[in-house]
Amino acid sequence: MMRFRDKSPYWLAGLLSTLIGLGIGRFAFTALIPLLIQDGWSSAFEAAQLGAAALVGYLAGPIFVNMTQNRFRTATMIKVALILCALGYIFVAWHDLGFYWMYVWRFLAGFGGALLMVLSPTLILPYYKKSKNRGLLSGVVFSGIGIGVCVSGLLIPYLYERIGLSEVFIALGLVCLLFTWFTWSTWDRVPVVSESQQLGDHSSVRFDYRNKNFLLLLTAYCCNAVGYIPHTLFYVDFLVRQMHRSFAFGAMGWTFFGIGALLGPVLLGKLSDLIGLKNAILLSYFVYILAVFMPVFIQSDIAFYASSFIVGFFTPGMITLISSYALRIFGDLKYKLAWSNLTLGFSFFQAIGGFSMAFLIKNDNYYPLFYIGGAFLIVSFISILAIKHQES
């Protein structure tokens, strides 16, 4: 059995891709929303729409992958996506060009992030499928999300006080470019499971989209996409403007989210190695549901931080577990098709949920969002419970 230390560091490229695509490209923007409003770059409604723009881009990404899977190498598409995520921050700094200019670049950042979330795991994870620590390794790849959130939660307030908002956007983009350069040559060296996967040609692979397990997993993952939106898109603004906390408090709350997101994928991946994927997913959803409801029923500083940490713990953690579960159920070749379509469903519900919630907060009342999020996660729990699959 090959050990973690014996492997080539393809896991590191995977980690940096999730850091860029979601940790910075998607989630760091949450901490910037109050600053956009405070500095007059946008209204509260426009800031929420800019956050939702990335969700629309995230919807377009898997559609693009499904439409072009015979035309481009996976490594090439990953490289393009990394650059898009970087530019999605750098060009927003020129905010004087207007709301629609910023919207386009936030859309492209979401689009790039979706490409990375579809393509990077399907290229990296099958390489580690025979490792006894496959759950842990999967968690390490997705821990980049938490690293990005944690670092941005600490870095954004520090930089904002010293250099200004435009410079913060440029700095985040430059960090993405630096990590892109670091991983650039690695993507061409990652071994592929088969030539058909390398070329993206799945014409010989049949996938039954009516398969009960696939539909249940799809339902769970789609509902997950709505359940996590209140914390991942609006939580800092909820703390600052509805709970009347300072921006420093809101940023610290986001940092707690990042710490949780850093630990979640690794610890949940290891948990799945110990108790099985399905049991780990069910236990996770149970605690996840309680944490999403927490800001409504327990309104203390400790509870706000605890809720942020726990939701952060499970946000990328559930992506890790669902992705690993799909690989376990459907196998190597069908995994890419399954994960691409799971991500498509996730991104569709995320975009619809994000836009709907952005309209619901016109009166600056976030409480209904937490009720909606928790209710959708309950559906996720029930869907996973109904899956019938013998784990090996």
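Just so it is clear, glycine is given a Cβ too, placed from its N, Cα and C backbone atoms.
Residues or ranges marked as domain 'Major facilitator superfamily (MFS) profile' by TrEMBL: 9-392. Per TrEMBL, the feature transmembrane segment maps to 12-37, 43-65, 77-95, 107-128, 135-156, 168-187, 214-235, 247-268, 280-298, 304-327, 339-361, 367-387.
The stretch from 43-65, 135-156, 168-187, 367-387 with the most CB pairs below 8 A to the transmembrane segment (339-361) is 43-65.
Under 8 Å from some Cβ of the transmembrane segment (135-156) lie the Cβ atoms of residues 4, 11, 14-20, 22-25, 27-28, 31-32, 35, 120-121, 124-125, 128, 168, 171-172, 251-252, 254-273, 277, 312, 315-317, 319-320, 323-324, all in the same chain and six or more residues away from its ends. At the 8 Å Cβ threshold, with sequence separation of at least 6, the transmembrane segment (247-268) lacks contact with the transmembrane segment (168-187), having fewer than 3 such pairs. The recorded stretches the transmembrane segment (367-387) and the transmembrane segment (12-37) do not share 3+ CB pairs below 8 A when only pairs 6 or more apart in sequence are counted, and are therefore not in contact. Per-residue pLDDT, averaged over the domain 'Major facilitator superfamily (MFS) profile' (9-392), rounds to 84. The stretch with the most CB contacts under 8 Å to the transmembrane segment (43-65), chosen from 77-95, 107-128, 168-187, 304-327, is 107-128. Residues of the same chain lying 6 or more positions beyond the ends of the transmembrane segment (214-235) and with a Cβ under 8 Å from any Cβ of it are 26-27, 30, 33, 48, 51-52, 55, 208, 250, 253-254, 257, 288-289, 292, 307-308, 311-312, 314-315, 318, 322, 325-326, 329-330, 338, 341-342, 345-350, 352-354, 357, 361, 366, 369-370, 372-374, 376-377, 379-381, 383-384, 386-387. Between the transmembrane segment (304-327) and the listed ranges 12-37, 77-95, 107-128, 168-187, the one holding the most Cβ pairs under 8 Å is 107-128.
Long-range Cβ contacts of the transmembrane segment (12-37) within its own chain (Cβ-Cβ under 8 Å, at least 6 residues beyond either end) map to 43-44, 46-48, 50-51, 54, 58, 78, 81-82, 85-86, 88-89, 106, 109-110, 112-117, 120-121, 123-125, 140-149, 151-153, 156-157, 160, 165, 168-169, 172, 175-176, 179-180, 182-183, 186-187, 190, 232-237, 240-241, 247, 250-251, 254, 258, 261, 316.
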